[in-house]
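Asks: Below are the structure tokens for one structure; questions will follow.
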């Protein structure tokens, strides 16, 4: 085992026969994130059925998304796509009056070569609502990459110049005024590490996070005197951040490589390539990297990270020395594996749908470093994995935990392999120092469940051990 | 001028796409593997089966992925390779190549792939013959089941050795029990029990748990049972035409229809005996025995008949209800409510548009109006207009009911995980009548209770005085803190507030800002 330690990262590629969510699933969290949006998925019954079942209960909450369901007439081009889409978009405008309609192109629109990008600008000017087109289809992308296609498309819509003094500025001023007053007051706020704001070029963060997590990350940077000028996406479409040549951008999720490329090439922004703020180690590395690029010496970060780790001790005791196998389906795998190795776990395999080695360079370097520092072998990274082969490997390795999709979770559990459903990492709050605990809460759940069921002797619940 | 409007705005569908029906049939059989010709992410069926049915085994469905590469060059060897690979890995009896909406438009010659793979493969290989844009999940399931049965029986027929001999004792095949079906497993058990009572043995149950190698035995049964309208009729019709097997397609749901079902079964058995010149079996020499059985079961084994007479049920008389679901369940429940419980059905409806005429015929005279639609907004509007005292529908109607404050009993797919109970909950047969009576009664009482509570202002005053220790006024919440607190979901907000204030007290902080909140979270551990 120790021989592997000095080996560099290696990447394998299998058949791509793996289970993951269709990228159109990104509408589930994006319509909630962008409050004034409406997502129109242009696809077939198959797409609709997936959304309906995958999003379960959300469907009943009158979501701001719908299917433009293509039928045989649409496919054989007997109908005028433009007229059809116009009719639906007018209906959406009338019913919901959104600030933006996002068209999600699917496999079907790709195959029949429906020219969504061509139709959108015409329709946009006709109905007076911006139409953003994202091709989040299963021919090209996996699961979370759907968000990447939407954000890349939205990056084009960000303004280049700050609008002349708006109410927002007033609010900001009033807010800082209030803060000054509070500082003068007798009661010191909790975080004593507050610094004066540093003068630095504008910084825009990209990646869709629940607003409370976005607030936490912004605050983390504020502690270093760094101001976040905006987020892509913002809470509202009408609040998209200003992007122009001098702006620095930094990603918060590992699956945003197209968005990063678009920001660099099309909007001339400068990309800060950092590990992702997932886990206490990742968050610290992320803040440090931003600080170093913006010329700020980070303060108190080491202590902060130390405190977080101390607070996690009860979980760490559970995971130390345990082994993990990532089957791979959401592109968060490298960051999560890196964090878990730092927690003392051994990772056998990191399956991942797609590996952008440039966008994830800093994360991969941190993974490598973490493996060295924790003195564990570097896990194999398997791109486009083959689930069938992976199951064979899981049987052989008998990991303490397999992080996998729902399709495999119950069958593996029935064979005595503990599993954690990978999609939960996409929907849980896992970013920043504060949420390191939530990651471990998820990871240890099967381990804790095992503890409470221990001694019952029912680990294998299938008749033959096939 | 009126051009047919095709593109539809929708976010809910009652019946799924065709391939789901094929996959449900394929994965119900033992040792049958389905390979979908589909893009990444279309294998969501595996998640549904694994989660809803809580299946212990890997779902025998894989995808032959259609990606950008395939789009440019065609699948070429890929599909054939995937079939042959699966053949070696799992040695299934049968591999069903399943087209999806994507492959339908690609128009690749999948039959050619199947023919080529079949030559090398040990497994049998067939292409599911379903058109994605013409049929839905249920129609496709019906079609695929018939296709598989036909495939094996026709092959058997070509063999000289194939002779059909009927079983000595009366026996039946049960056709149409399958995975992800609404309470199908429980129904199957109940049917077996009922047939056992009638002295009839079970020959084969298909597709659930059936083996394709046993399909050649299907014609040995005296007759076929098709408990559900949606899936199995095509197979039964084929077997009738080719092997002269009669079938019963009365759904034994509710007391009246269960009795009708039993009488029909009795008549068929007698007719078969006559046809085969067999002596009349013990105990079935006359209809009297069957009638006695029905009477006993109805009056004393099932509680439903007594329940209808009881005071409880009297209170339901004339109450308005709406029924919506698949053809089988919506029709049967309508009949039970109207005929067996005296409830007033304002509207009965189904999303099985393909079978609208049959449905109309079934509920004719039992309801004020009939609604045939697969558009959930129409159903919602109808319910809002009628304002029934209870709804009996699918999960969609349950949610419509929630919004309108009308109780709903779920009687039909599409369903959620709670409709796959572990306990014994048949809808068919005599035990089924008990289950249905409970379901109906519970829906209505809840509604009544709710109504009374509304009138008298509820059990409790709604403003609950907080039991937390942290209500002392030494704290002020800053505006950003309050705003942040409001973003936290209601059910944990109280806990977060208490923990934050506790933290603030311990640290002598009086002004609670958003920073304090997160510092508290870190200290307290969520």
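Even glycines carry a Cβ here, placed using N, Cα and C.
TrEMBL labels come from automatic prediction, so no person has curated them.
I grabbed these lines from TrEMBL:
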type     : residues     : note
DOMAIN   : B:18-444     : domain 'Nitrogenase/oxidoreductase component 1'
BINDING  : B:42         : [4Fe-4S] cluster binding site
ACT_SITE : B:312        : active site, proton donor
BINDING  : B:447, B:448 : substrate binding site
Asks: Sequence gap of 6 or more, Cβ distance under 8 Å: name the residues on the same chain that satisfy this around residue B:312 (active site, proton donor), in order along the sequence.
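Replies: Listed in sequence order: B:441.
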Asks: Below 8 Å Cβ to Cβ and six or more residues apart, same chain only. Which residues does that give for the residue listed as '[4Fe-4S] cluster binding site'?
Replies: B:19, B:36, B:63, B:100, B:102
Asks: In this predicted model, what is the average pLDDT of the domain 'Nitrogenase/oxidoreductase component 1' (B:18-444)?
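Replies: Residues in the domain 'Nitrogenase/oxidoreductase component 1' (B:18-444) carry a mean pLDDT of 93 in this prediction.
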Asks: Using DSSP and three states only, what is residue B:312 (active site, proton donor)?
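Replies: In the DSSP reduction, residue B:312 (active site, proton donor) maps to helix.
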